[in-house]
Amino acid sequence: MRRLVAETSLEPRHLVLPMFVADGIDEPRPISSMPGVVQHTQDSLREAASEAVAAGVGGLMLFGVPRPEDKDARGTCGVAPEGVLNRALRSLATELGDETVLMADTCLDEFTDHGHCGVLDAAGGVDNDATLKQYADMAVAQADAGAHLLGPSGMMDGQVAAIRAALDAAGHQEVGQLAYAAKYASAFYGPFREAVGSSLHGDRRTYQQDPANRRESLREVDLDLAEGADMVMVKPAMSYLDVLRETADRSPVPVAAYQISGEYAMITAAAQNGWIDRDAAILESLVGIRRAGADIVLTYWATEVAQRLSGRR
Ligand code: PBG
């Protein structure tokens, strides 16, 4: 009877797996603050991607981790066709074709030596408009490498319009954008900084949203929609379920939510201590995000949960 009347469903196709691919490693490197998640080599990435697709996940979101010595102030190795992320995209596009939606993080923070999401001005602040030019080049390089959907996550004003114009001019009309629209300056990104070997000192509060605010995020969503976003995202998920609900109520395009590294780490740590029922907590967290309005959920548990939902685990 409960199954008959359940209002919210969770299916493998709703889930997107974020994946890290690193240069300069010979085998997958564990991320200590995210037990069970690794930085992949190009080979292990292909294997894990195929496993996720076989489990039925809706898509893959790739993040690149360059060698520290390859980072510079402009994040050049994130734009270069031979950079770690673009090589991974090319390899998965060849391997998987249209079997999944191949997504790329379109942001500079993994590639800059200062760790910010954009290039800096003389005073050390992030230069919004100079960053847009770099995003435009990065987007075209990612589309050239075979990405289907780009995830601009840097929270620069005008990034969606700048990327759209660059993609169209390069003949990539069919490549879309999952815009990180309402992205908060969150303490829960902590483990991600280890995952991508971030060089960041300081914080991102000059370009990410203040956790206290709701209206400015809804404005960000409206701006991204006006600029041509094909889907919009709210991030993190758990602390922002109200923002997610309001976004879902107003958005004419699909809405995604990102269950981020710190959310993964919290549930994992509590479960390792025997304090909560791991599998039940994972499912409850994901159903809650779906109930709050997410069409799509990015989660580091995507493969495992997809396998569980289809009875393969
Ligand atoms: C920025 C980016 C971040 C995450 C995804 N894209 C980090 C940040 O904004 O500081 C966080 C993802 C997570 O914590 O799981 N490129």
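The backbone N, Cα and C atoms fix where each Cβ goes, and this holds for glycine too.
All TrEMBL annotations are machine predictions without curation.
Per TrEMBL, these features apply:
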ACT_SITE  LYS183  active site, schiff-base intermediate with substrate
ACT_SITE  LYS235  active site, schiff-base intermediate with substrate
BINDING   ARG193, ARG204  5-aminolevulinate 1 binding site
BINDING   GLU220  Mg(2+) binding site
BINDING   SER261, TYR300  5-aminolevulinate 2 binding site
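Listed in sequence order, SER153, MET155, GLN208, GLN209, MET233, VAL234, LYS235 are the same-chain residues at least 6 apart in sequence whose CB falls under 8 Å from the CB of LYS183 (active site, schiff-base intermediate with substrate). Ligand 1 lies under 6 Å from the Cβ of the following recorded positions, listed in sequence order from ARG193, GLU220, LYS235, SER261, TYR300: SER261. Cα of ARG204 (5-aminolevulinate 1 binding site) to Cα of GLU220 (Mg(2+) binding site): a distance of 16 Å. Each residue contributes its Cα atom, and for SER261 (5-aminolevulinate 2 binding site) and GLU220 (Mg(2+) binding site) those atoms are 23 Å apart.
Counting every protein chain shown, 25 other Cβ atoms lie within 10 Å of the Cβ of TYR300 (5-aminolevulinate 2 binding site).
Neighbour counts of Cβ atoms within 10 Å were compared across the recorded positions ARG193, ARG204, LYS235; the minimum falls on ARG193. ARG193 (5-aminolevulinate 1 binding site) sits 15 Å from TYR300 (5-aminolevulinate 2 binding site), taking the Cα positions as reference.
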